[in-house]
Amino acid sequence: MYKILAGVGSIVRTLFMVFTHGFRKRDTILYPEVPAEEIVPPRYRGRIILTRDPDGEERCVACNLCAVACPVGCISLQKAEKEDGRWYPEFFRINFSRCIFCGMCEEACPTTAIQLTPDFELGEYVRQDLVYEKENLLISGPGKYPDYNFYRVTGMAINGKEKGQAQKESAPIDVRSLLP
């Protein structure tokens with residue numbers, strides 16, 4: 001008799017759990033029907049882009065800090081120099097099949113050239129199509145920081161003039177003279 005009551009109790013408990021879980025709000029999101037803005041959190045780190053400064057020039061100065069900071073080594077670039085002495089990446093390549101979207105490259109970039117967007121649809125049929133070149137990564141705008149220009153903040157050497165000799169430029173300060 002005890003086994004019969006235990007069996008009936010087990011069946012009743014199972015039916016109770018099925019009905020309580022059956023009428024709950026579902027956790028599964030039907031992605032194509034639901035807009036991506038409802039799925040992706042506000043600070044989601046997705047596809048990597050290269051931005052331009054407010055003057056329209058590339059922000060990247062090919063310092064290679066992003067490639068060093070990348071834990072999986074999916075960034076490769078080659079430095080070149082313009083006539084005015086400014087560095088730029090001759091090629092900039094990101095392998096998205098290896099990228100873990102950690103954001104370390106964005107944090108390491110001193111010019112805010114690398115930024116992560118909330119784009120997450122990077123599926124391709126061929127793995128080689130996930131290797132993005134500079135032309136695929138470079139956008140026409142400044143991204144998250146519209147007013148920041150690296151060379152306005154840091155300055156750039158002028159050919160034929162020493163530091164402090166250019167117009168509206170103060171002479172460099174000897175920090176050791178300030179010590180007690």
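Each residue, glycine too, has its Cβ placed from N, Cα and C.
Swiss-Prot names C99, C102, C105 as [4Fe-4S] cluster 2 ligands; from the candidate set C63, C70, the record adds C70 to that same site. Cross-referencing C74, C109 against the [4Fe-4S] cluster 1 binding annotation in Swiss-Prot, which names C60, C63, C66, picks out C109. The Cβ of C60 ([4Fe-4S] cluster 1 binding site) lies under 8 Å from the Cβ of L50, L77, Y88, P89, F92, C109, T111, A113, I114, each of these being in the same chain and 6 or more residues away along the sequence.
When other Cβ atoms within 10 Å of the Cβ of C99 ([4Fe-4S] cluster 2 binding site) are tallied across all protein chains shown, the result is 18. Note: C102 ([4Fe-4S] cluster 2 binding site) has non-local neighbours R45, P71, i.e. same-chain residues 6+ apart with C-beta under 8 A of its own C-beta.
Taking the centroid of the Cβ atoms of C60, C63, C66, C109 as the [4Fe-4S] cluster 1 site, the other same-chain residues with Cβ within 8 Å of it are V61, A62, N64, L65, C105, A108, P110, T111, A113, I114. Applying an 8 A CB threshold to same-chain residues 6+ apart, the list for C63 ([4Fe-4S] cluster 1 binding site) reads W87, P110, T111.
If you draw a 10 Å sphere around the CB of C66 ([4Fe-4S] cluster 1 binding site), it holds 23 other CB atoms from the protein chains shown.
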